[in-house]
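These notes are about the structure you will find just below.
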Amino acid sequence: METAVVLVRWAQYVTSFVLAGGALFALYALPAAGPSSAVALGWPRRLLAGCAALLVVASLLGLVLQTAVVAGSLSAALDPSILSSVISEMAMGAASLARALAAVVALHVLLLAPPGRAAWIAASALGAVAAASMAWMGHGAATEGPGGSLHLAADIAHLAAAAVWVGALVFFLGLAVVSRRDARQAPTFHAALAGFSGIGSGVVAVLVASGLINSWFLVGPMGVAALVRTPYGLLLLLKLVLFGAMVVLAAANRFGLTPALREALIEPAPPSTAVKALRRSLVLELSAAMALVAVVAWLGRLAPISAQ
């Protein structure tokens, strides 16, 4: 059952990140109108709606699995009275229900509301609520005392920054695929990449700062030596390696592959080679992100070093 819990946690992280960060990307990186707008492309709306639907299922399934862990069996978790107690008495249960409700509303907006700026704003805000609620599924909300609020705030900031990055990666990859098929979309792809450079730097800064705060609470200065001696510490080191790989790939995109696409757009021939190189790099970066999120989902099920 533990493996199922981790997998469902991973699904909730990914779908909430793509919903929040992807809808936000449609607002700041894509044209408001024209053939390259999110509305004209079509796939952004379908992708976000799919993520919202999966998030509803994953949130409710996660609630049942977490209840089964608490109650001791899956049959007990299906007891309405036990489920009700978990929702009303445990932050984890209330957060799961809030996440499912946010996803339901987001799905309603994406399927029934007129596509456009208002829909992207609503979907992004609801996705952000869902992503932030994951802080109550891990160690961020467990710290007691005067530092509890700081730890929770840092965890939410960490989740928000991750959502911006993961959502952008998914949409960048979608634009790469579209640009590969239709060279007329390549200028929009390049403009989105170039425009994300400042946002990306801010995201990395927030991730580093909030990560250091979280590490202070979860590892502490006296627990550094235990990083290589505990499962939690080894997974945390793996997370740092994957984060470093993402930063390196992002830097290669920003300083190498994106300028190469700009140069290719000047040439009369379609920029297929430059787009292909970017697509390959984005696949690697997104793969590292998915692995990193899996590590985070696992870490949330282990006792931190500071508690050992």
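Glycine is treated like the rest: Cβ placed from N, Cα and C.
Sequence annotations record features per position, and here TrEMBL assigns transmembrane segment to 12-30 (among others).
Through the fold, the transmembrane segment (51-78) approaches residues 1, 4-5, 8-9, 11-12, 15-16, 18-19, 22, 86-87, 90, 92-93, 96-97, 99-100, 103-104, 106-107, 110, 123, 127, 130, 137 of its own chain, all at least 6 residues removed from its boundaries and within a Cβ separation under 8 Å. What TrEMBL lists as transmembrane segment is 51-78 (among others).
With a cut-off of 8 Å between Cβ atoms, the residues of this chain six or more beyond the transmembrane segment (90-111) that come close are 12, 15-16, 19, 45, 48-49, 52-53, 55-56, 59-60, 62-63, 66-67, 70, 83, 119, 122-123, 126-127, 129-130, 133-137, 141. Annotation comment: TrEMBL describes 90-111 (among others) as transmembrane segment.
Positions annotated as transmembrane segment by TrEMBL: 118-136 (among others). Long-range Cβ contacts of the transmembrane segment (118-136) within its own chain (Cβ-Cβ under 8 Å, at least 6 residues beyond either end) map to 12-13, 16-24, 26-27, 38, 45, 48, 51-52, 55, 59, 91-92, 94-96, 98-99, 102-103, 105-106, 109-110, 152, 155-156, 159-160, 162-163.
The transmembrane segment feature in TrEMBL is assigned to 156-179 (among others).
Per TrEMBL, the feature domain 'Copper resistance protein D' maps to 191-299.
Among the features that TrEMBL reports, transmembrane segment is placed at 191-213 (among others).
The feature transmembrane segment is assigned by TrEMBL to 233-252 (among others). Panel annotation: around the transmembrane segment (233-252), residues 165, 200, 204, 207, 215, 219, 223, 226-227, 281, 284-285, 288-289, 291-292, 295-296, 298-299, 302, 305 of the same chain, lying at least six beyond its termini, place a Cβ under 8 Å from a Cβ of the stretch.
Here TrEMBL flags 282-300 (among others) as transmembrane segment. Sequence-distant neighbours of the transmembrane segment (282-300) (same chain, 6+ residues past either end, Cβ-Cβ under 8 Å): 6-7, 9-10, 13-14, 17, 137-139, 162, 165-166, 169-170, 172-173, 176, 232, 235-236, 238-239, 242-243, 245-246, 249-250, 253.
With DSSP states grouped into helix (H, G, I), strand (E, B) and coil, the domain 'Copper resistance protein D' (191-299) comes out at 100 helix, 0 strand, 9 coil.
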